[in-house]
Structures are given as C-alpha cells and as structure tokens.
Amino acid sequence: MMERKKADCPALPPGWKKEEVIRKSGLSAGKSDVYYYSPTGKKFRSKPQLARYLGNAVDLACFDFRTGKMMPGKLQKNKQRLRHETLSLAKGGKPDLNTALPIRQTASIFKQPVTKVTSHPGNKVKADLQRAVEQPRQLFWEKRLKGLRSSDVTEQVLRTMELPKGLQGVGPDPSDDTLLSAIASALHMSSAPITGQTSVAADKNPALWLNMSQPLCKTFTVTDEQIREQEMKVLQARRNGPQTDRAPLFRSLRVITIVILMQTINQKNTTC
DNA sequence: GCCACCGGTGGC
DNA sequence: GCCACCGGTGGC
C-alpha cells in the first residue's frame, strides 16, 4: 500500500499528526479529507471528535481543522456550538463545565477588578484580592495551560520561547511552555516573592510536598547576568536578517518578554 | 470485523 | 452552492 505522508501538527500537542487524503474517484474526486492521528495512533476525522477527545487540554475554538492551524480572530465555524451555548445560558441553564475554559480569557499585567452583575441596582465593583489566593486550587493546575500559544498578526502560531537555563520545571509536565505560563501566572496571582518550589522533596513526590503558593518550578534566583544574557539575544535577533522579514522582530519581542518577566520577578522579590 | 473511502445532507 | 461532519459499505 502506498504510504501517505503524515505531517506534524504544531498547533496540537507534540506527537499529533495531520494527514490530507485526496479522493481519487466518484463524484467528489479531487476533493480531500483531513485526518488527525493522536500520539497513540487513534484516527480523528472531524473537529467535534477531536474536541471530545482532548477535552480541556487544548482549546480548539480557533483551530482550523482543514489547515491544522490556529486562526485567532476568525471566531471559526464554531458558530454552531457558540449559538448553542448562549441559547442554553439564556434559558437559565448552567454553563457546560466540560467545554468552559479553565482560565480567564483576558490577560493583564495589572490586577483587574471584577464586576458582579445582578438584577439589583447599586452594584459595587469588588476587587478580588484575598479570595483568589484562598480559593482551592487543583494540584498541577498548570497542566491546563498546556497547548496555549501566542500568535502574531499573520495569525501564525509562534514557536516556544527559550527560557534561561536556571529555570526548571517540577511535576508531571516539564515543558518550557508550561513553565513559562506557570511563572507568568504566579506573577499575576500573588504579590509574594517568586522563589519556586523550595522543598527538595517536591521534586521526588510533587503530589505530597508541593507548595501551592509557588509555581511548578525549582528554586531559582534571577541574576543580572542572566538578564544581560537575554538582552544580548535581543540585539542578535535584531541584527540577523533584513527588516522585511518578520521573524527576527518577533523573535526579539519574545526575548524581551522574558527579560521583562525576569526583571519583574527580581523587582518583586527584592521589594517584599 | 475493520477501516479506507466516498456519499449524503444539515446548516450556513 | 459549499462543505464539515459522519453514515454506510466494499474490499480485505
């Protein structure tokens, strides 16, 4: 049998493959079918089927099944599901917890007040200071951030960032993706210093020894040397390639993000 | 029984 | 009219 090419699909978690098969005969000859294969080899032939399988692990809202790319802003052909959700919500139904995203959709460097909307007038805006820290959290909740990617104005998904060597993950998912998300989230969620997991035991059995107020990474301190190192990368990235090429620009933006991240950690840790 | 493959159709 | 989705089946 003729081997068809199964290409890696960067928009999905590692190990997922995409395949496009051209129809050879019949009324629809020339058209094509797109299939995806999980790391274990299971075949998927539609987006709903894919979403059912992945659950909350990957947000497929802007995933284009045919091209295999994330297309932010398109708001996709999800119209069916979206309409269904808003309808059921309007009728007083409960949100579908199975498809609701686990994290807030907006991102900001600043703590944001949350408005509670009720049918009564005279609503006040409450800032959520203590509550957010005190509410129960799932162990290894950072895993849910896996698969989230940033994308540029051409709607192409960016590759992962290169983190400094000093930063190392703890727990079931050691990828840099998750590590970066975890640290960035920690910066948002608490005003305490970010030190990582200080207990050595946390590495051996994270489920038992995890310090829930710290991100899932090993103990670290950000040195000025590391920041300078990253800043050098920015300069390098800018030197490589002409202005017409977007890649160096976005590469340097990514490095700048990490520089800012590290500086923020430093500032926060020294002022506390 | 499985599955690669094309047909049929609901929703746009 | 198009096409995403999934049903159905012929060939193994």
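Any Cβ shown, glycine's included, is placed from N, Cα and C.
Look at TrEMBL and you will find A:2-70 tagged as domain 'MBD'. Look at the domain 'MBD' (A:2-70): DSSP puts its residues at 8 helix, 20 strand, 41 coil.
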Model confidence over the domain 'MBD' (A:2-70), averaged pLDDT: 93
